[in-house]
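Asker: This is the structure I want to talk about, given as structure tokens.
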Amino acid sequence: MEPILQVKDLHVSFQVKGGEVKAVRGMNFEVGKGETVAIVGESGSGKSVTAQTIMRLIPSPPSIVKQGEILFQGQDILKKSNKQMEAIRGKDIGMIFQDPMTSLNPTIRIGKQITEVLIKHQKMSAGEAKKRAIEMLKLVGIKNAEARFNQYPHEFSGGMRQRAMIAIALACRPSLLIADEPTTALDVTIQAQIMDVMKDMQERLGTSIILITHDLGVVAGMCDRVIVMYAGEVVESGTKWEIFKNPQHPYTKGLLRSMPRLDQKKGEPLIPIIGTPPDLIKPPIGCPFAARCDKAMKVCERIDPEATVFSDTHLARCWNLHPMAKEVHPNE
Amino acid sequence: MVRYIANKLFYTLISLFILISATFFLMKAIPGDPFMSEKKVPEEIRQRLMEQYGLDKPVFQQYIKYLGDIVQGDLGISMKKINQEVSDIIGQTFSASLKLGLVAIVVSVIIGVVLGLLAALYHRKIIDNITMVLAVLGIAVPSFVLASLLQYVFASKLHWLPTMGFKGPLYYVLPVAALSAQPIAFIARLTRSSMLEVLHADYIKTAKAKGLSWFAILTRHVVRNGIMPVVTYMGPMTANIVTGSVVIEQIFGIGGIGKQFVQAITSRDYPMIMGITIFYGALLMIARLVTDVAYGLIDPRIKLNARKEG
């Protein structure tokens, strides 16, 4: 599959008073055309920073891209000028954010917030843009689109606002949509509706999607591939089936184990991953998960593990998976 | 909207009534009367004058009569400027005050907002620091001190600008500067903090993600949301400028309504004091009403008819 986006060895840091927070430490991944890739991980794992770096939305300073490349349709986004970036944002890459209550401008009509992007990128007249905007509102499942076009964000419910955000992000038919925790701020029934809208839009427009989330349920519902991030690194990546049916990394296993199950007995406690992620001002030299891992060995604390490859799509970074580890744990 | 304004006007009338009553009795409580002067006035003449203006009657009776006149739109006749209607004097002198006040308001808003916006955009840089130091100075220094200082430097020492009078554009510069310094400082601070908040809002990130240019983001998304506190301040600011001009007009020798007010008080010209007080009061209340309506126009979340009093 032709990759539309390739992230190669991306390192992003933040300059703060206490030193340098290494938020992303060597990300590698690809997104194919029409594919949906999920980036999962807990808060502070660097997933949002990765997403916003692709859009170049994080102001610099304080953020610095230390090294790496982000190839979008073969061109390095990090080498683009601000003007060139403006032409890409909203047109070739759309983005939706976590909190639909605050992501829309409260003093501008919903319709204008959609037409704005069409007039900028598609050089449409106001009339054409209005027609397309109403069409987009209908596509994302907003009834009475003509009347809704003239309303303000406070007249929309949370789910409706997120639909409007999707309409804005996809108005110019971008080839890539980045959804940064699009359902986190919504209640569960609305979450499902929003995911359906995204899936439906993807089928119609053939958009690739990067879905950033910590909700594995959302991942199972709509993604092709999953990237598990921990402390700014990819610890495991694979197809949805490889990750859910055959997880390899102890962190991935822990995440899956911590999910509440339907067949869980009443009163049975959830299983957490004990501990907290490492401080990224001084990231550990070894495996970042070693301090919380029940299978940690001496080598884990000293040397960052290499990737062990299980298939063309599946890899994980853990010393336990290394061929030599078989000799340490003969029973496994 | 119409209902809201009608409702608001009703409360304005009540406020005006309270203002009239309070001023009337306070004014009467001050010792002295309009016909006291250094020259001894013969007792019979004094008596005749008091009778002519109805000042010999009990205060409460005078009050009732005054209220009756007001309802008919009659502000009375000046006791000092012979045979001149109070409303005529206000009409003649208000134009100078209005010109001065309007210019000061416009100058305050434009300079204040621009400075505040610059300070927010260059947060913690030199422009920000300079603006904030100036803002503290502007708030701290009283307008009459600033007025004298400006006269001393620009008129007396440098001879760049006229000291007194009100005869052309150049005559505006110093009084407007003295009147606007405080509002400018206040607006700059308000604008800065509110723009800083808006610049970090999520919807600005959305606007950026749409690929809008920085200029479009600023003009369409930042300023409109960041301007709200300034609109709120417009009412009190109008009050500040209008009342401030009483002193400033005196200092710069501008024949405006403020100067009339000061003269009326020192000479106990009762109808003039009342007339100008009512006029000022009405002016400020209207300014507040306009502010409230403007609020609803800028921020759609504020529904005027949904609120009773605000």
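Note that Cβ sites are derived from N, Cα and C of the backbone, with glycine treated the same way.
Annotation comment: TrEMBL describes B:9-30, B:100-122, B:129-150, B:170-188, B:230-252, B:272-298 as transmembrane segment. Look at TrEMBL and you will find B:94-291 tagged as domain 'ABC transmembrane type-1'.
Have a look at these and tell me how they're positioned relative to everything else.
Answerer: Proximity of distant same-chain residues to the transmembrane segment (B:100-122), defined by a Cβ-Cβ separation under 8 Å and at least 6 residues beyond the stretch ends, is recorded for 128, 131-132, 134-135, 166, 172, 175-176, 179-180, 183-193, 195-196, 199, 223, 226-227, 230, 234, 237-238, 241-242, 245, 248-249, 254, 256.
Sequence-distant contacts of the transmembrane segment (B:272-298), counting only residues of its own chain at least 6 positions beyond either end whose CB sits under 8 Å from a CB of the stretch, comprise 1, 5, 8-9, 12, 15-16, 19-20, 23-24, 27, 66, 70, 75-76, 78-80, 86-87, 89-90, 94, 224, 227-228, 231-232, 234-235, 238-239, 242-243, 257, 260-261, 263-265, 304, 310.
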Asker: Within the same chain, where does the transmembrane segment (B:129-150) have neighbours whose Cβ lies under 8 angstroms from its own Cβ atoms, ignoring anything closer than 6 residues to its ends? I mean 6 or more beyond.
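Answerer: Same-chain contacts beyond the ends: 115-116, 118-119, 174-175, 177-179, 181-182, 184-186, 188-189, 192, 244, 247-248, 251-252.
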Asker: Quickly jot the same-chain residues contacting the transmembrane segment (B:9-30) by Cβ under 8 Å, restricted to those at least six beyond its ends, or write none.
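Answerer: For the transmembrane segment (B:9-30), the nonlocal Cβ contacts are 59, 62-63, 66-67, 70, 268, 270, 273-274, 277-278, 281-282, 285-286, 289, 309.
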